[in-house]
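J.: Got a structure for you, questions after.
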């Protein structure tokens, strides 16, 4: 305790022992307690003031105002508000103190309402100390229209040139996502401080405009503005987001030049940016060179290693972290659980689950979600349900995790049932929900469920998002409802149609035998400026194969070789072999296989064998079958197909030998099965 504080305590003790209280001394102590934020001493002095009768004296209003201000500055919201409401005419300064208190404690709406009360009180002058906190409250509560009104008042009252007020307006517009308005205001500022530049950089990063953040940083450096610690930790995430290693290195050098490179927050940001740029070795050098590492350092390193796919190294960091005396937090644990992928890591994942329970972290939403996801990835979805059953069911993230886990483990119907349950308890989905769920609907190919989902997506507004619309096009296509699939596709603006959407609609028409339509769509895509990828070519070639469009398919294959300037993949060769085979051009198909630039796989030979069955070509069928017996010896289908070729050619002895061979090696033909969905039962 310093000398000033000791003296204040001594005064308080004297005050409490005397029967009469000196007003001047009370004022002095209240100011001191406000400055030191001594809530306990303020309460004791308040009790003495009440018992002494000072609040009934001529100076009671001034004492009450000071008490209110002191409680506000000490963060005791309820006492401050109670005393404030009893004051007949609060001063401008007291209004400002109260608004500041509400803003600092996250009560933005209360701060704005008190400002309106201040405006309506009349006779109270609003100064430049009040506006920044009101503006911050508007930004924190995303009330950009209210912020715009306050901005207008700032201009009218002549405070727009004040740097503190100006920086508050910049932050408010950025918090509300109004990047353009923030930039216009920034450009018009007569005076800028490093805070102004930092606000623009961090605001752009916050709003996903990393390139703009780097542009502002470049302007700042080129303009000779002195960067500080906040500048560096604001711009480095932009480099990480863009994976811009070169700029990250320049920022690193600048940090060292300014003597800020050894700061813990800068070091943490450097570790983060290097791992996001895929430079784990450089991140590890900085990490190992740090004398002091906090939970952020360790979590960043663990998460970075995981992002680069090295799960084993991430798990090895956990005991090292404990030995370093750093206790993992909920986010650290969530990162570690995400590294437990597959049954080989199940024991480790269960160990982290136990650690979370011992340290009272299992109820944290990040840990809950990570546990649900971990068990699902380790094919223990029943344990995912156990964890999910203990959650509050009022947060979306655990629902997303269990839905994703069900789909990953083939429990498509269970996922749909869970989704309906989620909606029934009032939890609305987000894009992550639909990204996990829509593949389940597509796999089930249930038209009625698809229409119900379509209706929901229209009402909720999600259908405007191209990823969601793409999934719905895929669903309708797999249900055979091409009209509705095309209607959704056609309703998306041309500028928003990406390669994935084009590929899905082309595949939909192709799988149902509408090869000419699929090719027309392919040509429209190319003409619109969207370059086809491997998946698109596969879809278009499949369409040609199913529709028997041999020449068109061969032309497309040549076009692929021309614009891709790379070797086609096995899927593309399989499509062409299938196309030629269906048309009876078996020798051409075999010649294509023979001249392939890489070893043909089982799918290529399988396409040829299937064509040989159709056209009863024994010689090529035997050749294809011999390769297939080597590539997939356990596949009974290949033996059955060769047997069919022999039977069709009247070579009954060879067909019987195939059956004997299957028996000798213990192969049994898998029985067929079908699925019928029964409704209204």
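Residue numbering: from 1, along the chain as shown.
The backbone N, Cα and C atoms fix where each Cβ goes, and this holds for glycine too.
Take a look at what TrEMBL says about it:
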type	residues	note
REPEAT	193-227	repeat 'PPR'
REPEAT	294-328	repeat 'PPR'
REPEAT	395-429	repeat 'PPR'
REPEAT	498-532	repeat 'PPR'
REPEAT	533-567	repeat 'PPR'
TRANSMEM	94-116	transmembrane segment
TRANSMEM	149-174	transmembrane segment
J.: Suppose you look only at the repeat 'PPR' (395-429); what would the mean pLDDT be?
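T.: Residues in the repeat 'PPR' (395-429) carry a mean pLDDT of 91 in this prediction.
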J.: What are the DSSP helix/strand/coil residue counts across the repeat 'PPR' (533-567)?
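T.: Summed over the repeat 'PPR' (533-567), the classes give 29 helix, 0 strand, 6 coil.
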J.: Go ahead and report the DSSP secondary structure tallies for the repeat 'PPR' (498-532): helix first, then strand, then coil.
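T.: Taking the repeat 'PPR' (498-532) as a whole: 26 helix, 0 strand, 9 coil.
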